[in-house]
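Undergrad: The coiled coil annotation in TrEMBL covers 188-236, 260-294. The compositional bias 'Acidic residues' annotation in TrEMBL covers 447-467, 474-545. Annotation comment: TrEMBL describes 14-57 as domain 'RING-type'. Here TrEMBL flags 147-187 as domain 'B box-type'. The annotation region 'Disordered' is assigned in TrEMBL to 447-547.
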């Protein structure tokens, strides 16, 4: 009996009945079963005319003739006798998480079977009457489990019926009570129909696992190519720079830092993606194994409950796809480096930014696009408004994170800009309010990138000398290009120190504006300022070198506009009071979201950002916008 076997002898159990093998037979695939168990399985498959192994699913063209495996039978018998002798030395008492025997008086042994009819769990000793007593032989024994999950909590009867209306297992009395008139079938019948769903789920698991394995292989191949190309770029840069004079030795170090930094960053991110893929493969493999094990479950109720849980967890699981770059090499960097030799000093001054930009564009795979709000918050930034672009009819407060458009002409529109440009992946959220059905617009704009010829025309001798000094100073700094970020941080700190002054100035301007409106003494000045602002707005919109995308919010809904192409799209979704904006500078993605308990996509645009990206809002009188600062920073 199963209870007499040592715990490490589970390999001699029948995978159908989970008991020790009785009259064992071995199929051609190598798996062994009780002769009675495999015969019952094939009797059910006989109407289909197809026979297969319950474990490996190997199909047989005709029903195999079963013969007792004498050697295996003798081994099972010896193990049974050995287990009986060893049982007193290792009594399987029930521990935490185990199902205890309901018949043991004091120290509870671990249950090996549960009787659905008796509604009790039994250890190896107390389950024996169910095998010997004729009346008890008719009872249904299942693998030891918590019977509370198999018993109706309302009526105390076994769960033998499945309610398709409520998608839950119920007892017979439930069909005449709370579930009267519902679409109900037996649990066995529902399982029979759900087995096809199980097979589809297993196929889907396998398909996803193969896809992740394929992506992992492609990623590993791309990583090797990336490493090889990075090394070639490093070697070529070394050869190029060693031919130059000692005066450009520091510039060579800068280019090496750019390439190495990009290599480390991409390899680090690639390793993270590999781990993610391996985790997904492991989860899918584990899920497939659970589904495979569930397919052999005899208990219908446990089958249905477990299947629903597995499918539910799988449906809620989000798998990020990996998009590999077509050419994760440094060939462009190498080409740029070769151009340095005939134009040493001049190229080092002009092309340092160009080389760095191209090195940063060498990627093994595109970043995984954010899916959940937590993903977006990894790229969050707390932006502040630029006080130099604030009209006196717009007040600035809350450390330059909030703007309020005061009363003025209802036809006026005021632009407010962030004081930082947007690069890499950036996400921010803002709350807006309006009165008198005023409207609001959030815009993102960028200028066309200047060419090298344009740089040459605009550059003079003094700028070249200044460039030499700047490069030398940058070389002396620790951290190379990273120091620029520190400088920006210092500037931000300086701006932060001036926030209170800006708030005070904004308040003073607000009071002054109110007095002007009340007295009416400066109407001419206001009108003149309005006209100037309108002229500036017209100049911006007519600038062919500026691209501007805008999302409008108003009482009639929201819409998207491309000011250069004239595209105007009415969006079906009503805007919420909190909006989220996501910009991926490298991938050229701009997305707008409604933010509440969940994120709802309003509109997304695929474009190419050819220069620094600026963002801000267009306000009408009676509207206010506050950039949220309580989000975790990346």
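Glycine residues also receive a Cβ, built from the backbone N, Cα and C atoms like all the rest.
Please treat TrEMBL annotations as automatic predictions, because they have not gone through curation.
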Undergrad: Under an 8 Å Cβ to Cβ limit, what residues of the same chain, 6 or more beyond the ends of the domain 'B box-type' (147-187), are close to it?
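TA: Long-range Cβ neighbours of the domain 'B box-type' (147-187): 114, 116-117, 119-121, 299-302, 304-305, 308.
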Undergrad: If we skip the immediate neighbours and take only residues 6+ beyond the ends of the domain 'RING-type' (14-57), which ones have a Cβ under 8 Å from one of its Cβ atoms?
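TA: Sequence-distant neighbours of the domain 'RING-type' (14-57): 1-2, 5, 63-64, 66-69, 72-73, 76, 79-80, 143, 296, 298.
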Undergrad: Mean pLDDT over the coiled coil (188-236): what is the value?
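TA: Taking every residue in the coiled coil (188-236) and averaging pLDDT yields 89.
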